[in-house]
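Novice: Pulled from Swiss-Prot, these are the listed features:
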DOMAIN    6-233  domain 'ABC transporter'
BINDING   Gly42, Ser43, Ser44, Gly45, Ser46, Gly47, Lys48, Ser49  ATP binding site
Amino acid sequence: MNKILLQCDNLCKRYQEGSVQTDVLHNVSFSVGEGEMMAIVGSSGSGKSTLLHLLGGLDTPTSGDVIFNGQPMSKLSSAAKAELRNQKLGFIYQFHHLLPDFTALENVAMPLLIGKKKPAEINSRALEMLKAVGLEHRANHRPSELSGGERQRVAIARALVNNPRLVLADEPTGNLDARNADSIFQLLGELNRLQGTAFLVVTHDLQLAKRMSRQLEMRDGRLTAELSLMGAE
């Protein structure tokens, strides 16, 4: 078994608005190994996106903790969490969230700029990642000049440009047609094999989830089962 990279212990998330209390996550516990490809499957409203926000340090659990590489996130300052997200985690969303006035190359380079890398390193690494996703020839195009599949590939290159140990992906193919969705998942698998990056993908699509090496099911804020989807039709 691979060394545990990320572990969540009894995560709970509760929102309070006036006298109304909403429990979104209930005692969620699981781990992700180094280099693992894992899917969490569930319908809209099951708590998947809230869980990813907690795992990425974008929100704080009501109780429980997230442990990344042996270090509890609850003990990290806001600045330390920001550094962790920049250096060790990558994020891919259903919508690409590319900056519209910047080229593909500039969008991919953004995490390196934030991390204050050297200019020569920034340019070469961003180009390297665009090449890895098959878009080096589109480096100087803005998002409006790219197709939906190309924009999502740029977003993936951006997520991986700092060579993160784990990428958190929230419905990464949700806005794509079947052909582009298939292409994106093939790309994630290839990057996992080449770079050893771990991926945790949340999705409602069983056909896409079955491509991951491990699948968990989430319902009403609870992990209910470990699925066996390999080869499922």
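Just so it is clear, glycine is given a Cβ too, placed from its N, Cα and C backbone atoms.
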Novice: Given a separation of at least six residues and a C-beta threshold under 8 Å, show me what packs close to Gly42 (ATP binding site) in the same chain.
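Specialist: Non-local contacts for Gly42 (ATP binding site): Lys48, Val202, His204, Glu217, Met218, Arg219.
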Novice: An 8 Å radius from the center of the Gly42, Ser43, Ser44, Gly45, Ser46, Gly47, Lys48, Ser49 Cβ atoms defines the neighbourhood of the ATP site; name the other residues of that chain inside it, in order.
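Specialist: So the extra residues in range turn out to be Val202, His204, Met218.
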Novice: Out of Ser44, Gly45, Ser46, Lys48, which of the binding-site residues is least crowded by other Cβ atoms within 10 Å?
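Specialist: Least crowded of the binding-site residues Ser44, Gly45, Ser46, Lys48, by Cβ count within 10 Å, is Ser44.
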Novice: Got a sec? Which of these binding-site residues, Ser43, Ser49, has the most Cβ atoms within 10 Å?
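Specialist: Result for the most crowded candidate: Ser49.
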Novice: Determine, from DSSP, whether Ser49 (ATP binding site) sits in helix, strand or coil.
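Specialist: Reduced to three states, the DSSP call for Ser49 (ATP binding site) is helix.
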Novice: Give the number of CB atoms, excluding that of Gly47 (ATP binding site) itself, located within 10 Å of its CB.
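Specialist: The answer is 24.
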